[in-house]
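Worksheet: the structure to be examined is printed underneath.
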């Protein structure tokens, strides 16, 4: 955002009137500064608004059904803010005035909502007030269906807060009292406070420090979320009337802190306590969450009567031993999803894991999550009880430290679709010896770091090219310790269709024998390895292979003098997608790729520029891909792209990506050699202008992306002849304008014209504004992302905030001319007057300047009686004699009208007052406190008391009033004196031994007593005390 220049109020008035007139005519976007989206949604997010925008009467306000004001700075909501939106149904006000604990700078904020703010919107159905500093529930309309009051400061819910909300079905009040949003007490829900909400079905009260289940909840509830409170005891009466409950979440109330990723309170000993009949009356319950509850065992009575239970989350407990012998699953025949993740033993990794035989009773189970249990060997005994499950489709075993895995066991599962073994330590197939051993043998391991959990797979760089693994059977072995692949690993896995082996250390030369058992494999991911592609028959054992990812296998290609054979591509009859991205391929590879089936090739992140620099050796590298449709040549260090290079690309190409190269020139006429090309991506290059010719006629180009270049000029008619062009991206360039002549009649057919992030010149009457307004439906982010680059006052601001003062105005021009003429006249007159009567002006100036300090000093004399109080040791007769006969005479008698007023103890102190009263009055009635010292090694008595009062004055008034006069400079100086000499030298004066230096001493002493000490401080060390305003 550029610098802000505050406009004149009259200019703002004229600007507002002009904008209002334009809106009334329907020329500007209707909901400035917000953006209208489909289906009546108005987006006002992240605009730093301080009040709700009141849209113009010309805008179709009756069509607005959703208004989003997320992350603004609205602290006050008025009764009239939403009155004009007669059909508003959804209102989102998140993150406008967050509580102090949730604010990025921890500033306190309190949002004010007037009584009729929401009552004025009788159609409102969904209201989100989360992350705002509100302390009570505002008055709400009876039409409300969904209400979110999460992460606010509301700590009390009473029966009167929701009066009349008979249509309310969803209520969210999470995070009103927890470590990120601290509070003086837990959320208090009065008994029966929500009982009047007869249609409430979803209630969420997570993270509120609740210690018990709120009493007398509505019986209509089907979802109750109470996780991460402090409810450590559950009894039947807590959920007595909730017979319609379908989902219950009470996890995280008695936490397992060794696996917590945030502040955690240890679960008390012998807790939690769940009564055997706690859930027995919840006959409709389908989902139960008991995660992170410090459970060591499960009571069979807990699940009595839960015949409909389909989802059970038992993760992050201590059930590592219990799952090997439990019989609790015998009655859960309807269970579809079971989560047992992170039920590990502290600091222990088991050699084997044998699931209890009762798992075989889960005949409806579809998904089982067992990651983070920590066992080292996976054999047929481990999952034997699961092989009989007819519906099991997804099995998660990642992050278990498994180092030996018998993968063939998955062939016995009749319906298995996905097995996740990623993030383990598998180095090969389990041997018979590894399958034997003691069941309870264990190895100590260190505790997992907080928050460690399996993350998503790295996104493929060309995600549009490679298909996903949503197939019948997928096995994920990514992020393991595989170095070689043997066909024995995949015995009995002929049904496998997708195999992920990315992020291993596979460095062998694949020769066509590694994947022999996988006759049905269609997708193979070998990215992020070290594969040696030397054999011409690599992967030929996979006749149905359709997608092969060999990206990020750069190490073999970086080895000097080693050749690489890519001829295997021609021998894969079903291959359609191939990624060779980011391998640094530059030399000693097959001279030509051939395939009749390949449709998409990702060759980004290589060095095609070096390959094409070798004469004609690799000129036809891609020409043998006869049916190629998509080709990615991004990040190949291409500085030029000759017509012969394009001419030797497959003629079947429809999409060509050349992003992030170094192209400074592109021959647009050469696009005719690619007759079927529909999408061309040239983003992130170094194009300076679109001036060398124009897009040729007759091409099929529909999408052109030249964003993130440095284009500052486009010749007229450049896009005219590309009659099929419908999407054009010109964003993030150096364009000063958008000229309609670039497009001609094509402007009316463009569906997307992106010109955001260009430094547009917002001069008054700029033609591009009218053009963009005519095509505003096709311009994404017109109201917010299309901004000005000049003039400086408007830099970074929307093109619709144009300052009308920059328009040509005759009156303003005359005023500017007169002002400039006056400045020229002054520029001539001032030097002339200085030459003729400069001394007189100098004298008058300094006379006035001298008068001002005197006036200030006269005003100060009314409050300060003395210029300085003199403090010395009367016991030392020599010092007293010097003070009375030298110091007093010099400062009071010999300075004439500049004489100073000194306060001396024996002369000016009042009799009858105590010593301290006189001393305090003297110090606080004097401008300076002067200490006359014979030595500085140690002081006491009156000197010490006076020094402490001077320091007290420094703290109270922020004034340094200390002046030190040392009569014997050669004596030892204390550390304080030496430090003061370094910081404020002029306030420490030394009596000269030679009479010739006494005149200078008295002059410096007079300056030290009449000027403020803060002027004397050495600016290299400090600025000195500043006077409080």
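Backbone N, Cα and C define each Cβ position, glycine as well.
Here the structure is a predicted model, which means the values were calculated and not measured.
Swiss-Prot assigns the feature transmembrane segment to residues 816-836, out of the candidate ranges 816-836, 837-857, 858-878, 879-899. Of the candidate glycosylation sites, 63, 199, 209, the one lying closest to residue 729 (N-linked glycosylation site) when CA atoms are compared is 63. Inclusion criterion for the glycosylation sites 199, 209, 241, 339, 472, 565: a C-alpha placed within 10 angstroms of the C-alpha of residue 667 (N-linked glycosylation site); this criterion is met by none of them.
Sequence-distant contacts of the repeat 'LRR 1' (61-84) (same chain, at least 6 residues past either end, Cβ-Cβ under 8 Å): 31, 39-52, 54-55, 90-97, 109-118, 120-121. Per-residue confidence over the repeat 'LRR 13' (389-412) averages 94 (mean pLDDT, predicted model). Ranking the glycosylation sites 63, 339, 472, 511 by how many Cβ atoms sit within 10 Å of each one's Cβ puts 339 at the top.
Note: the CA-CA distance between residue 692 (N-linked glycosylation site) and residue 472 (N-linked glycosylation site) rounds to 52 Å. According to DSSP, the repeat 'LRR 10' (307-331) comprises 7 helix, 3 strand, 15 coil.
Taken through DSSP, the repeat 'LRR 1' (61-84) splits into 3 helix, 5 strand, 16 coil.
Taking the Cα atom of each, residue 241 (N-linked glycosylation site) and residue 199 (N-linked glycosylation site) are about 15 angstrom apart. Applying DSSP to the repeat 'LRR 13' (389-412) sorts its residues as follows: 6 helix, 5 strand, 13 coil.
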